[in-house]
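**Q** According to TrEMBL, the protein has these features:
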TRANSMEM  12-34  transmembrane segment
TRANSMEM  104-122  transmembrane segment
TRANSMEM  166-190  transmembrane segment
TRANSMEM  202-223  transmembrane segment
DOMAIN    282-392  domain 'FAD-binding FR-type'
Amino acid sequence: TMGNWLVNHWFSAAVLAAWLGINIFLFTYYFLFFDRDERYFYTRAILGSALAWARASAKCLNFNSMLILLPVCRNLLSFLRGTCSCCRRTLRKQLDHNLAFHKLVAYTLALLTAVHTIAHLFNLERYNGSQQATDSSLPAVLSKMHLQGSNKWLNPIHSNQTTVEYVAFTTIPGLTGVIITLALILMVTSSTEFIRRNYFEVFWYTHHLFIIYFAGLVIHGIAGLVRGQTEESIKEVHPHHCAQYLTHKDEYCNHECCKDPEFGSIPAESWKWVLAPVLLYIFERILRVWRARQKVVVTKVVMHPARVLELQMQKKGLHMEVGQYIFVNCPSISLLEWHPFTLTSAPEEDFFSIHIRAAGDWTERLIDTFQQQKPEMPRIEVDGPFGTASEDVFQYEVAMLVGAGIGVTPFASILKSIWYKFQQGDQTLKTKKIYFYWLCRDTEAFAWFNDLLASLEQRMAESGKADFLTYRLFLTGWDTSIANNVVMRFDTAVDTVTGLRHKTIFGRPMWNSEFTAVAAAHPRSVVGVFLCGPGPLAKSLQKSCHQHSSLDPRKVKFYFNKENF
């Protein structure tokens, strides 16, 4: 329900409301300012309301350009997360919505760029029309004022042969505007989920066009093509009294309105908005380079089936928590590319590990490099760990963990850690029972996870704790050869697909019956439901939590947690 969402995400809601409020305020304030202020009386005579649309959207563009870099300052966020470790965890969790906010600001920039560009296209048409007009209308008279002296011009177009294309590619605002817009289009289109998942390199390199974007933004307003009447000129010849005399001026004019108005440029101010975030981001990048230079020792390399590479590493001073991720760089493949990977080791282990699946050029080359077994290991650089720990799992007596596809990776760390805590008799661990649901199209790419489950299964059986973990595997994509194999070997002790004791179920889970079974087994418990998977699945689990929670406070309650990895 909306109420529950607000309780859990009040900080996000407050940030969004403040951001939206500031955008609305800036747009409205500057729209009215340029639509009514007397300094722009003559500018409006030529341009009409398109002036206000262009200037108001420019202010909002500056504000959002100031914000766009902040959510991607990973080390700043880690620092904030560390300093507010005493805050409520819901507050720290909201810092993990950094990329969602980054995307929201980016889409807003794209929308505002469209508004700003369209408004300026109208402005160019009006400037052009006024310059070519031969009548004695106010726009026509104002457009000829450049003939009176250097400070007199209001219309930046001084020739009848000028076209929109000419202005776009020969003036500083035109050219930088085109470059900024192209950079923004490329960055937005190359950051779609499909490209990020399948062609990460394309996303990575095009995103560095942000350097061109910020450089262009700072230069964009320097030429000051949009002008207004100067303060001194307004005191001498106020447009409300004197505008009418501009169109009907005789040679022997001798009253106070005879003097021509003078105009000045609006100063460029984008740099004031973006200077602090850009400096902060430069510091962030220097910090990343320094951290990456610290030595990483690869202690073990394991090649799993279906081209999945496991790297076990050690790095001085790296302290991880469950559910966190690191950025990895291999200089022998690419000096610039950093790729994020979820940590699959537990904090209790004396190493940290990642599992790398072949999913693009960079990962393919990394796997090939480690498969060649040269005398010396290729150098690996690591930045991190980042992200909020998922230690909430340890706060529930009963936990239902749901991993879908690649979303199973963080649960490797969580399951291992719970097992270590359980073994060591950790007093902070309240968990007595775990239900783990694993949904995937094919188990091949996750054979390593099978091995992990098998070893956990064996260890639990050996220590007489076989009931601690119940897991159910759902194969959502399967063909007839698998089905025939399963039918032929239905009575075997272990599963034909995974080799585990628990049978693989074909198709999707019936959440209704799963929740009913858990509620029946734990009639008085508080159950934490954790998902790492797609949005539609989150909605369906949230609904089930709501439906199966008892109104009686002494009976079963389900709490839904969507993890952000």
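Positions of Cβ are set from backbone N, Cα and C atoms, glycine also.
The model shown is predicted, which means the values in this text are computed figures rather than measured ones.
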**Q** With the transmembrane segment (104-122) as the reference, find which of 12-34, 166-190, 202-223 contributes the most Cβ pairs under 8 Å.
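**A** Going through each listed stretch, the top one turns out to be 166-190.
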**Q** Report, as numbers and ranges, which residues of the same chain sit near the transmembrane segment (202-223): CB under 8 Å and 6 or more residues beyond its ends.
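**A** Here the qualifying positions are 58, 61, 65, 68-69, 171-173, 176-177, 179-180, 183-184, 186-187, 190-191, 195-196, 265-271, 274, 278, 336-338.
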**Q** What does DSSP give as the helix, strand and coil breakdown of the domain 'FAD-binding FR-type' (282-392)?
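**A** Counting residues by DSSP class gives 24 helix, 39 strand, 48 coil.
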